[in-house]
């Protein structure tokens, strides 16, 4: 093989390697894959009325948010799906959050109280705003606490 072809082969080899897809910026499926289409996030919670906001967060209108509870256990499956999901609702908070329930802003990691998410609930009469508080685990806990304070106290 002539000596002039070795440098040419080295240059072509380096060129081929430098146009590769680096780990940091590769799309799923490689550099020639199609972009991921967003799909709605999985349903969760009692009666599948909520949506998964993260691997252990399930929130829905009228039911509030469940974090790390059995109602949110099905949200772990989102991690194993290849295409990303998109949660509807208004954008809120500082970390790509979305309004999950009246007054609650959630992202994939956590939920926070956010007044930007109260607009929808302000239109409801006060009796309907607080009716969801008495449903589910929050209502059970509130009733237990009220019952515990009414018990006879030792003298």
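Just so you know, glycine gets a Cβ as well, placed from its N, Cα and C.
Annotation comment: Swiss-Prot describes 21-26 (among others) as disulfide bond.
Around the Cβ of residue 85 (disulfide bond), the same chain contributes 38, 39, 40, 41, 42, 52, 78, each under 8 angstroms and 6 or more positions distant in sequence. The annotation disulfide bond is assigned in Swiss-Prot to 41-85 (among others).
Around residue 44 (disulfide bond), the C-beta neighbours below 8 angstroms that are at least 6 residues distant in the chain are 50, 51, 52, 58, 66, 71, 72, 74, 75. Per Swiss-Prot, the feature disulfide bond maps to 44-58 (among others); the stated evidence is similarity to another entry.
For 52-75 (among others), the entry in Swiss-Prot reads disulfide bond, with the evidence type similarity to another entry. The Cβ of residue 52 (disulfide bond) has 25 neighbouring Cβ atoms from other residues within 10 Å, across all protein chains displayed.
For 59-65 (among others), the entry in Swiss-Prot reads disulfide bond, with the evidence type similarity to another entry. Taking a C-beta cut-off of under 8 Å and a sequence gap of six or more, residue 59 (disulfide bond) has these contacts in its own chain: 45, 50, 51, 53, 65, 66, 100, 101, 104, 106, 111.
A strand conformation is recorded for residue 92 (disulfide bond) in the three-state DSSP classification. The Cβ of residue 92 (disulfide bond) lies under 8 Å from the Cβ of 98, 99, 105, 114, 116, 117, each of these being in the same chain and 6 or more residues away along the sequence. What Swiss-Prot lists as disulfide bond is 92-105 (among others), and the listing cites similarity to another entry.
According to DSSP, residue 117 (disulfide bond) is assigned to a helical segment. Sequence annotations record features per position, and here Swiss-Prot assigns disulfide bond to 99-117 (among others).
Cβ neighbour count for residue 111 (disulfide bond): 20 (other Cβ atoms within 10 Å of its Cβ, all protein chains included). Under the heading disulfide bond, Swiss-Prot lists 106-111 (among others).
Per Swiss-Prot, the feature glycine amide maps to 29; the stated evidence is similarity to another entry.
Marked as signal peptide by Swiss-Prot on the basis of similarity to another entry: 1-20.
Least crowded of the disulfide-bonded residues (41, 58, 75, 105, 106), judged by neighbouring Cβ atoms within 10 Å of its own Cβ: 41.
Neighbour density for residue 65 (disulfide bond): within 10 A of its CB lie 20 other CB atoms from the protein chains shown. The 10 Å shell around the Cβ of residue 117 (disulfide bond) contains 23 further Cβ atoms across the protein chains shown.
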